[in-house]
Amino acid sequence: MAVAAAQKNREMFAIKKSYSIENGYPSRRRSLVDDARFETLVVKQTKQSVLEEARARANDSGLESEFIQDAAHLGNDDTTPTVEDSTQQDETKNGHLADADIGDDATKADEDYTLTEEEVILQNAASESPEAEQAIQQAALLLRMRDGMGTLTRILKTIDNYKGCVEHLETRPSQVSGIQFDALVKVSMSRVNLLQLIRSLRQSSSFAGVDLISDNISTKTPWFPRHASDLDNCNHLMTKYEPELDMNHPGFADKEYRERRKQIAEIAFGYKYGDPIPSITYTESENATWQRVFNTVADLMPKHACREYKAAFGKLQAADIFVPHRIPQLEDVSNFLRKHTGFTLRPAAGLLTARDFLASLAFRVFQSTQYVRHSNSPFHTPEPDCIHELLGHIPLLADPSFAQFSQEIGLASLGASDSEIEKLSTVYWFTVEFGLCKENQQLKAYGAALLSSIGELLHALSDKPELRTFEPASTSVQPYQDQEYQPIYYVAESFEDAKDKFRRWVSTMSRPFEVRFNPHTERVEVLDSVDKLETLIWQLNTEMLHLTNAVKKLQGLNFE
């Protein structure tokens, strides 16, 4: 039930699952960065809508009728302060802070009560049933006290009258002008009483702020996949740019092509972790389109591609995977990658949302389309197709250094905020898609979009665009456009240099935890405890022992 409740809380602010032009998605802009920005906008709008709706209900009748009962009904026991208790008479009345504390603004505050995101989630959870209403909730309250420590007595008495249990209490001098102390109070009480308590405390002029900060309630740390099998839940948020939805698509007027795309998409939607990737019987026309692009790339590659790309391309040819007359099957390519870098493929029906796509890279999984661009436009496609994936991405995913760089982008995305996903997507755009690198003082291409787009490749290596040194901090916020050739490209000294700069930049991100990928279990581990760190240190020490022994043996051979 706890898992189901957590899932429901996530879905409350979830993005819509249809990113098509009917829902406002721009039809011609097809990139990971646009996906990230559009996703951020939809999340923000959806969240704002949900919060405003809940706040309106709370102001109209919700809290008044369901949650904010007369405190006297809660205080009809021996602990309720009486008039005879002169010490408490001026401080608490029927479980609420005294009217003198509330002041003249109490009525106005009651009429315009504003729920926070955490309180909306708590209110919705409590309203599911009478049992859910009385369920015990652990929470933490941060109280900003204008007065001195005497306020603590009233706080504790109020909690007691709402049948709450104080599990932890600590105070510190406040650094904010006009506030004497900050108090952190961890309580345990029913959900309905917790909501009443928060409202009661907020009505008091003794507090400059009352914040609910419980990790058990907040959704600010998003769910993310922990195992490669979880990617089955990370490939359904598709950004649709289907040919029947936009008249500018090359296949818009081709009914047969549109039907073919749907058939191939259904294969991807049915795929599950552990399944062999289904083979596609490509048509003569599709193989002919592949051959035209393949031959052009093979002609330009020796002069313009980086050495890592050329080396991997040659290995794919030697394995009889890259041949001019036949489109490779993803299962064969996946097996090839697994042997060289541990990367694998899984079929995708189209372009995934940025968060889902980047998450797959953390598990050394690349989500690849299987459909082919329209034959009328062999050297350009408005969205990724299998020719782009195979000729652009696959060779470098077979290079250990580049594979590591791709995985680190994916790991950095797990649990990242929406704004950080945008930045990571932008870094991915200017490196993995449109990156240039230096090789013997000459510019070479390693970006997949360059290596699979002849016109853009020649433009990037000409003297027309501006070239900048790759620095993740500035690259991540660089505006881009995809209507024409890029005006700016970023140049890496090497893959190792790019990885080093990227690691240092990621360490400045706001994510409050670190993750690592365990290749033996295909699981992402959150390093959030001493035990986990000790286990990792033990594993590293074992690896260092093997390295030390290897060095000693090599040195011994050199002396012989």
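Glycine is no exception: its Cβ is also placed from the backbone N, Cα and C atoms.
According to TrEMBL:
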REGION    72-106  region 'Disordered'
COMPBIAS  77-86  compositional bias 'Polar residues'
COMPBIAS  90-106  compositional bias 'Basic and acidic residues'
DOMAIN    209-555  domain 'Biopterin-dependent aromatic amino acid hydroxylase family profile'
BINDING   HIS388, HIS393, GLU433  Fe cation binding site
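Cβ neighbour count for HIS388 (Fe cation binding site) (all protein chains, 10 Å cutoff from its Cβ): 21. Using a 10 Å Cβ-Cβ cutoff, GLU433 (Fe cation binding site) registers 25 neighbours. Around HIS393 (Fe cation binding site), a 10 Å sphere centred on its CB holds 24 further CB atoms from the protein chains shown.
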